[in-house]
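Some notes on the structure that comes next.
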Amino acid sequence: MIKVAPSILSADYVNLQRDIEMVEKGGAEYLHIDVMDGTFVPSISYGPGFVKAIRKVSNLFLDVHLMVEKPGHMIQEFADAGADLIGIHVEATQHIHGDIQTINNTGVKSEVVINPGTPVSAILPVLHMVDQVLVMTVNPGFGGQKFLPETVAKIAELNRLKSENGYTYDIEIDGGVNADTVVACYEAGATVAVAGSYVFNDVDPVAKINTLKDATK
Ligand code: DX5
Ligand code: ZN
């Protein structure tokens with residue numbers, strides 16, 4: 001059964017605590033927080049102060065996805081804010097190895113992220129040192145986009161590398177996830193599914209979390 005990480009990008013910001021408590025009680029394992037800088041991706045979302053505020057009201061595992069240029073400068077601040085995991089894009093840094101080391105040194109779990117246009121070969125040098133790999137299943141920047149099926153082969157490749165080398169990373173998917181698209185990803189080896197609009201653009205987000213879990217039993 002896949003672990004579910006609701007993305008609060010699609011939550012009701014005015015009633016955010018209510019939405020967070022609802023998914024926490026509803027069986028979500030992670031809370032996915034999308035940080036966007038207006039440069040790596042066009043939108044601007046939120047920063048470390050927001051993570052700190054959520055930390056005060058939730059015990060959920062805070063899965064912080066940094067869609068920012070030069071993420072190395074911000075790692076300590078997000079770790080201090082209470083992130084449980086920090087994910088950085090290989091496309092956003094010239095120092096992926098050093099930046100993953102920086103995350104690991106903070107004691108927070110580390111994640112490397114690849115866009116749909118980036119091959120798995122780009123992250124081979126850091127696979128031994130990350131806790132999670134995020135395969136973007138849409139191009140980053142917005143919620144509510146359509147799942148890209150060509151990304152599934154990369155999940156399978158990462159799963160093969162994991163068993164061949166004895167790596168222990170989780171494989172997360174992000175973008176266009178619903179009860180249909182999650183199945184092929186789970187079968188290919190995905191262990192964590194981010195879901196934003198599928199969960200929160202519904203009158204019953206908890207039912208949607210359960211549907212994702214039921215589809216991957
Ligand atoms: C997109 C973000 C996602 C987004 C997913 O750039 O990284 O986490 O919230 O939204 P859905 O699930 O609606 O595709
Ligand atoms: Zn995300």
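Cβ atoms are placed via backbone N, Cα and C, with glycine included.
Note that this is a predicted model, so its numbers are computed, not measured.
Here's what TrEMBL has on this protein:
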BINDING   Ser7, His65, Gly141, Phe142, Gly143, Gly144, Asp174, Gly175, Gly176, Gly196, Ser197  substrate binding site
BINDING   His32, Asp34, His65, Asp174  divalent metal cation binding site
ACT_SITE  Asp34  active site, proton acceptor
ACT_SITE  Asp174  active site, proton donor
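Positions of TrEMBL features highlighted on the structure.
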{"residue": "Ser7", "record": "substrate binding site", "Cβ within 10 Å": "24"}
{"residue": "His32", "record": "divalent metal cation binding site", "Cβ within 10 Å": "28"}
{"residue": "Asp34", "record": "divalent metal cation binding site", "Cβ within 10 Å": "25"}
{"residue": "His65", "record": "divalent metal cation binding site", "Cβ within 10 Å": "27"}
{"residue": "Gly141", "record": "substrate binding site", "Cβ within 10 Å": "16"}
{"residue": "Gly143", "record": "substrate binding site", "Cβ within 10 Å": "20"}
{"residue": "Asp174", "record": "substrate binding site", "Cβ within 10 Å": "25"}
{"residue": "Gly176", "record": "substrate binding site", "Cβ within 10 Å": "24"}
{"residue": "Ser197", "record": "substrate binding site", "Cβ within 10 Å": "19"}
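Annotated pair Gly141 (substrate binding site) and His65 (divalent metal cation binding site), C-alpha to C-alpha distance, rounded: 11 Å. On the backbone, the CA of Ser197 (substrate binding site) and the CA of His32 (divalent metal cation binding site) stand 12 Å apart. Those residues of the chain, other than His32, Asp34, His65, Asp174, with a C-beta within 8 angstroms of the mean position of the divalent metal cation site C-beta atoms are Ala5, Ser7, Leu9, Ile33, Asp63, Met67, Gly87, Leu134, Val194, Gly196.
DSSP classifies Ser7 (substrate binding site) as strand under the three-state reduction. Contact annotation for binding-site residues (Asp34, His65, Gly141, Asp174) versus ligand 2: Asp34, His65, Asp174, each with CB under 6 Å from a ligand atom. Comparing Cα positions, Asp34 (divalent metal cation binding site) lies closest to Ser7 out of the binding-site residues Ser7, Gly143, Asp174, Gly176. DSSP assigns Gly143 (substrate binding site) to coil in the three-state reduction, placing it in neither a helix nor a strand. In this structure, the CA atom of His32 (divalent metal cation binding site) is 4 Å away from the CA atom of Ser7 (substrate binding site). In the three-state DSSP classification, Ser197 (substrate binding site) falls within a helix. For the substrate site, whose annotated binding residues are Ser7, His65, Gly141, Phe142, Gly143, Gly144, Asp174, Gly175, Gly176, Gly196, Ser197, the maximal Cα to Cα separation is 17 Å.
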